[in-house]
Each structure stands twice: as C-alpha cells, then as structure tokens.
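Sharing a structure with you now.
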Amino acid sequence: MAAAPETKTVHSPALTYFSMLSLLSLCPPFVILLWYTMVHADGSVVQTRNYLKQHGLQGFIDIWPRPTAIAWKIIFVYGAFEAALQLLLPGKRVEGPVSPTGNRPVYKANGMAAYFVTLVTYISLWWFEIFNPTVVYDHLGEIYSALIFGSLIFCVFLYIKGHVAPSSTDSGSSGNLIIDFYWGMELYPRIGKNFDIKVFTNCRFGMMSWAVLAVTYCIKQYELNGKVSDSMLVNTTLMLVYVTKFFWWEAGYWNTMDIAHDRAGFYICWGCLVWVPSVYTSPGMYLVNHPVNLGMQLALYILVAGILCIYINYDCDRQRQEFRRTNGKCKIWGKAPSKIEATYTTTSGETKTSLLLTSGWWGLARHFHYVPEILAAFFWTVPALFNHFLPYFYVVFLTILLFDRAKRDDDRCRSKYGKYWKLYCNKVPYKIIPGIY
C-alpha cells in the first residue's frame, strides 16, 4: 500500500491533530446550530447563545432534530436519482490527470445534463403539484441531522473499503486511524468500474444540492408571502449562475486539488455531503424569513457585480484549461502565454514535464482565481444586508478555506517541482491578492 501523501503534513503535527479533532467534533453540532439560528432564532447568534446559556447542554439536545422517516426518504430518493443520472446519462469520455502512482482516471462528463434534468424535474414536480419543495424546507433540520449521521457511516465505509478493497494503487494508510479517517484512504474510490464516489459526493450530491436548496428557499418564500423578494431573487440567481458555471466546467474540476490530490475521507466527502448543503446555502436559508427590499437599482448593481465575479472566476479556470489542453500553444489575452517548463519525478521514478502558466490571470497571482470566488460569495450574501452576522459565515469560512488551500497547494507544488517552483514564485510573487498577498 502507498504511504499517505505529503499534503497531510503541511502544517505542524500539533496543529494538524488539533484541526482534525476540532472539525470532527465541532462541525456536526455547528450545522444544527446554524439551521436552528437561521430558522428558529431570527438569524441571531445572540438569541441562540442566550438560549444555550439558559438551558445548557440539555437545551442543545432538545433543539437537535431526530432523523425522521420522511428525512431519510427525501435523502434516499434524491441520492438515488443523482446516482442514476451519473451512471445512465450519456457524456463525453474525459481523462483526469495522471496520479502520483501513474494511474489516469477516466470519467463520463455528463454533469451539465444531470444538472439540467435535476432542476427541470424538481421545478416540474412543484409546478404540476406532484411534490412541494417546501416539504424539504419544513424538514430541513431532520434532513441535516440524518445527513450528519448517515455521512459519518459512509465515511466509515470509505475507511474500511480503503483497507480491504481499494479501487486502485492510489490508496494507502498513514498508520494513524484518525488521519486515515479524516483525510481518507483512497484517491479515486469507485464502486464497480464506472461509479466514481468522489464525483458523486462532491459534484452530484454536494454541488447539486446547493442548486436544489437555492430553488427550495425561493419557493418557500413565495409560498409564505405570495411573492419573492428582490433580495432572494438576486441571491438565488447568483448561486444558480455559480453552480451552472461549476457543472459547465465540471471536467476541469476533476483536475483540481479536491479530486486529484485530496483523498476521499471525512474532510472531502462528509464536507460535500453535509457542509455544502447546509453552510454554502445558508444566506438563502436566512432570506426565507427575512425578505429585504433592495430596490431595482441596487439589486441590479449587486447582480451584475456578482455575475462579473463568477465570469472572472470561470475565465481564470478556462485560461489554465486551454493552456494545458494546447500544451501552451494558445493565446492568453491576445498574446502567446508566458510559461515555465518544469520537470518532476513521480513516485515510480519516472521523469515528467509540466508547463506552469505565468501570464493572463495567472500572472497576477498564483491563486488569483480565489479573489473573484470570494467576492461572488459576498455578492450573493449582501442582499441580506447587515442586520446579522451569520449569513456572512460562509464568506468568512470560504476565505479561510481558500487561503489554507493556497498554502497547501503551494507546499505541494514546492515539493513536486523544487527549483522550478522557486523560479515560478519569483516570476509570480503574489499568492492570492496582487500587490498585497
């Protein structure tokens, strides 16, 4: 079995253990507290704090919803539907990047078709009064509770599978149970030959649920008030544009750190099955009961700014994808791209070459694409205005996540490319924010 990848020890051992144990123990209750505060405590952290101060641990136990049959049924039907679309819809054959052990995963790129079918089906069920999405909102706490426990069991399954039936040689143990459970055992776990688990958890369950819940919140507000506020329309539109961009570019996502470097464990899979549906959609969850009238002019300003940020984020990824696809023989902002040719050695001892793009968006900073992504999140949150902090938790979380990811990616590339990475950093000195950081 292969050893654990070096990205697991980017931080000091003490900080690594502290962060892992903290996330394992704090993330599940936080999801419930977030839902409770948004839905039952007027979005007020102070109100929730006062409740817990008054009632203590028993008060927290009392507000934690018990998973119900209807919650499990909704999750099962949704998961089975997305799994069926992933397997059955036609799609172009796409090869992922070569793994550290020399494997090249093969995918079926049908994400955009699955996204279209999912939204059309969901809205049609509501339109023809077959299923009312408000049922999802009304049982949201129970659904999140079921996802928390069900996804933990799923991560145990991944841990056991990695030990007894790994799908490829891109698997292995660090020798530490907590690290293996948290970071995962396998890079590319599959059920059978064609069902890729990380594509399902990250894309077809996690990201798809973001769009489904955005629509759910919009419909719930409509059913409550007989209309949808302009703040909710801006929030929903921007989130749907972002998720549409994601599925349009899904094959590119398969080359990112999430898929190509992070193994399938609690960090990635539990995060996508639970954290994405709950935390990433939370600004819309808040707006259901807190409609804000922005006015046409302000709503349009926010909408245009948000769409522009999403487009820049997409164009950053498009530039790099085109650069890789053409082996550097393309135009970046109307000119031949500036690049560094870097060689590296795989774990099997084979010498390979990569091209590092140093112009266009990628000449501004090594991870400039994180800037428009964070700004886009701000713009679909700002329709909630500033009465409460909690709707902005996702923006704060995303900023911390991406800054940490930039560090992990830099450390991984420094280890992989050596002197060539130092040359790259001299040419592109800023990590994320041009001229600042």
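Placed from the backbone N, Cα and C atoms, the Cβ positions cover glycine too.
The following feature annotations were taken from TrEMBL:
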TRANSMEM  15-36  transmembrane segment
TRANSMEM  70-89  transmembrane segment
TRANSMEM  109-128  transmembrane segment
TRANSMEM  140-160  transmembrane segment
TRANSMEM  199-219  transmembrane segment
TRANSMEM  231-249  transmembrane segment
TRANSMEM  264-282  transmembrane segment
TRANSMEM  294-314  transmembrane segment
TRANSMEM  377-403  transmembrane segment
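Please go over these features one by one and say how buried each is and what sits next to it.
Through the fold, the transmembrane segment (15-36) approaches residues 8-9, 48, 60, 63-65, 140-141, 144-145, 148, 152, 178-179, 182, 266-267, 270, 274-275, 278-279, 282, 285, 390, 393 of its own chain, all at least 6 residues removed from its boundaries and within a Cβ separation under 8 Å.
With a threshold of 8 Å between CB atoms, the same-chain residues lying at least 6 positions outside the transmembrane segment (109-128) that come near it are 81-82, 85-86, 89-94, 203-204, 208, 211-212, 215, 219, 243-244, 247-248, 250-251.
Outside the transmembrane segment (140-160), and at least 6 residues removed from its termini, the chain residues within Cβ reach (under 8 Å) are 28, 31-32, 35-36, 39, 64-68, 70-72, 74-75, 180-181, 184-186, 189, 197, 264-266, 269-270, 273-274, 277-278, 285.
If you look at the transmembrane segment (264-282), the same-chain residues 6 or more away from its ends with a CB under 8 A from one of its CBs are 23-24, 27-28, 31, 34-35, 38, 144, 147-148, 150-152, 154-155, 158-159, 162, 180-189, 197-198, 201-202, 205-207, 209-210, 213-214, 217, 239, 258, 390-391, 393-394, 397.
Below 8 angstroms of C-beta separation, residues 230-231, 233-234, 237-238, 241-242, 245, 248-249, 361, 369, 372-373, 375-376, 379-380, 382-383 of the same chain, each at least six residues beyond the ends of the transmembrane segment (294-314), sit close to that stretch.
Among residues of the same chain six or more beyond the transmembrane segment (377-403), those with a C-beta under 8 A of the stretch's C-beta atoms are 34, 37-38, 42-45, 230-232, 234-235, 238-239, 242, 279-280, 282-283, 286-287, 290, 292, 294, 299, 302, 305-306, 309, 367, 370, 432.
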Quick test of the contact rule: Cβ under 8 Å, at least six residues beyond the ends. What residues does that give for the transmembrane segment (199-219)?
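Sequence-remote neighbours of the transmembrane segment (199-219) are 78-79, 82-83, 85-86, 107, 111, 114-115, 118-119, 122-123, 126, 132-134, 136-137, 228, 232-233, 235-236, 239-240, 243-244, 246-247, 250, 253-254, 258-259, 264, 268-269, 271-273, 276-277, 280-281, 284-285, 287-288.
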